[in-house]
Amino acid sequence: MTDLRKPPDVRRVLTVVAVGGAAGAAARYGASLLWPDAPGTFPWTTFGVNAVGCALMGVLMVLITPARTTPVHPLVRPFLATGVLGGFTTFSTYAVDSERLLDGGRVRTGLMYLALTPLTALAAVWAATVLTRRAVARRREAGGR
Amino acid sequence: MNWLCVLAGAAIGAPLRYLTDRGMRARFGAAFPWGTFAVNVAGSFVLGVVTGVAGAASPHTQLFLGTGLCGALTTYSTFGYETSLLAEGRMPFAAVANVVGSVAAGLGAAFLGVTCAEALWG
């Protein structure tokens, strides 16, 4: 039995973060192959990946951090949040794509992408958090956990 | 082979982000998300370099360093979540500063990376 109150060994955390990060990055790479972003246009795929990743983060953090009677396994957060979702979403591609658009004379598209991504990301985290909290509360009232 | 490059890069980038975050927390405390800020700015610079050298780097190197390593080293989901924590913790100024600071510094780092690469290899 794993003691759920004891912080896990760093090497085990690093391992699950690496595996989760690789899985998340593979999903992002897959999305970029399925829906490639043409240079000089609004990078919808990266935009969508980051928005979806932020929404999932909002859901996950409500599910694993509230005052629960049964604590989750200590490797769940490093694997899913730091690993999978951290590897799936990307800030560097966002920054470089914005720079490429602005530097390439696509100033309006670049500025729109630059501003719209953080606004959408924050709205996604917020909406997912609120909706998940509501769903959890309703389940508790209905006699769930 | 393309997939392997992405997987290998990400398997390095994601733990590097975790270790940076731990180190920054130990040094500067947990009041402001300096760890995520640091990896996002550093990753934007490196990806800028990778993008700037374009022709000089093989497609596999670009997938390993760019899509894999930089992609997994940097994160939008944690950035968004930590910003929402700052806002919920009644630190609206810190939340706004995190967004504006990260976006400005990330964009600046990307520009610097591309410019350096073009000057050195262009």
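Backbone N, Cα and C atoms are what each Cβ position is placed from, and that goes for glycine too.
Here the structure is a predicted model, which means the values were calculated and not measured.
In the three-state DSSP reading, A:THR89 (Na(+) binding site) counts as coil. The Na(+) binding site annotation in TrEMBL covers A:GLY86, A:THR89.
Away from its own ends, the transmembrane segment (A:12-30) comes close to residues 49, 53, 75, 78-80, 82-90 of its chain (Cβ-Cβ under 8 Å, at least six residues beyond either end). The transmembrane segment feature in TrEMBL is assigned to A:12-30 (among others).
Within its own chain, the transmembrane segment (A:42-63) is flanked in space by residues 24, 28, 31-32, 35-36, 80-81, 85, 88-90, 93-94, 97, 109, 112-113, 116-117, 120-122, 124-129, 132-133, 136, which lie at least six positions past its ends and keep a Cβ under 8 Å from the stretch. According to TrEMBL, the feature transmembrane segment maps to A:42-63 (among others).
According to TrEMBL, the transmembrane segment annotation covers A:75-96 (among others). Remote same-chain residues near the transmembrane segment (A:75-96) are listed as 8, 12-13, 16-25, 27-28, 43, 46, 49-50, 52-54, 56-57, 60-61, 64, 113, 117 (criterion: CB distance under 8 Å, separation of at least six residues from the stretch ends).
Taken from TrEMBL, the feature transmembrane segment covers A:111-131 (among others).
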Across all chains shown, how many C-beta atoms besides its own are within 10 angstroms of the C-beta of A:GLY86 (Na(+) binding site)?
35
